[in-house]
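Copied over from TrEMBL, here are the features:
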- 253-283: compositional bias 'Basic and acidic residues' (COMPBIAS)
- 13-218: domain 'Cytochrome b561' (DOMAIN)
- 231-283: region 'Disordered' (REGION)
- 7-30: transmembrane segment (TRANSMEM)
- 50-70: transmembrane segment (TRANSMEM)
- 82-103: transmembrane segment (TRANSMEM)
- 123-144: transmembrane segment (TRANSMEM)
- 156-176: transmembrane segment (TRANSMEM)
- 196-217: transmembrane segment (TRANSMEM)
């Protein structure tokens with residue numbers, strides 16, 4: 001791998017920052033908002049930021065770069081597909097539970113639902129993430145989609161996954177800002193009390209984590225090598241870092257070479273026959 005040391009440094013930094021973000025989200029709700037519960041109170045709402053940061057940010061971020069881990073390149077591609085899909089499924093489940101907690105809290109307190117920009121974009125991200133997950137299973141994991149279709153959809157799958165991840169980071173920032181504005185009254189958010197400074201730092205960590213993940217996921221020289229893909233390619237098709245288009249083109253080139261070889265051999269035999277006929281006619 002090119003720049004292996006730099007990749008490991010970025011990976012370690014991203015993992016550490018993501019883990020610290022999860023811990024800080026727990027510290028936030030336990031220190032400033034009475035902890036966690038499932039009773040319709042504020043403690044039930046507190047599940048929302050914790051689960052979003054844990055699943056929709058941290059776990060989804062790891063799922064984005066799981067194919068880039070060099071020590072997995074010798075693993076079966078099918079195994080890596082299941083790991084990638086499993087991490088995204090866990091993230092999806094946690095995101096859905098976090099939304100249920102918000103709706104139940106709002107309904108228990110007679111608070112309107114879906115009125116803020118945060119809620120609009122958040123629900124949109126969850127819907128598109130669900131579609132991304134379902135289509136990923138159907139096209140890249142199950143053995144039914146043809147290789148040309150998988151190759152055509154792969155760039156869209158990769159781009160949409162990274163876009164959804166960036167959208168989730170932005171939505172989380174809007175959400176924690178909204179929460180601070182609503183909950184900090186005396187002193188107000190504008191007075192920068194300790195909770196405001198603490199949560200602002202959490203938001204900065206989320207931005208740094210997202211930037212590191214997207215940087216690693218978008219560097220072409222850190223992709224799973226094509227030769228390893230060719231060795232591990234199975235009939236079930238690709239995943240978010242697949243290069244099945246390359247495999248398809250390689251197969252096509254091999255087929256063209258075989259056909260050319262056959263045609264050349266046939267032409268050679270035809271020439272021999274003509275030469276023999278010519279020799280017989282002159283004898």
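Yeah, the Cβs are placed from backbone N, Cα and C, and that goes for glycine too.
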Across the domain 'Cytochrome b561' (13-218), average pLDDT on the 0 to 100 scale: 95
Criterion met for the transmembrane segment (7-30) and the transmembrane segment (123-144) (at least three Cβ pairs under 8 Å): no
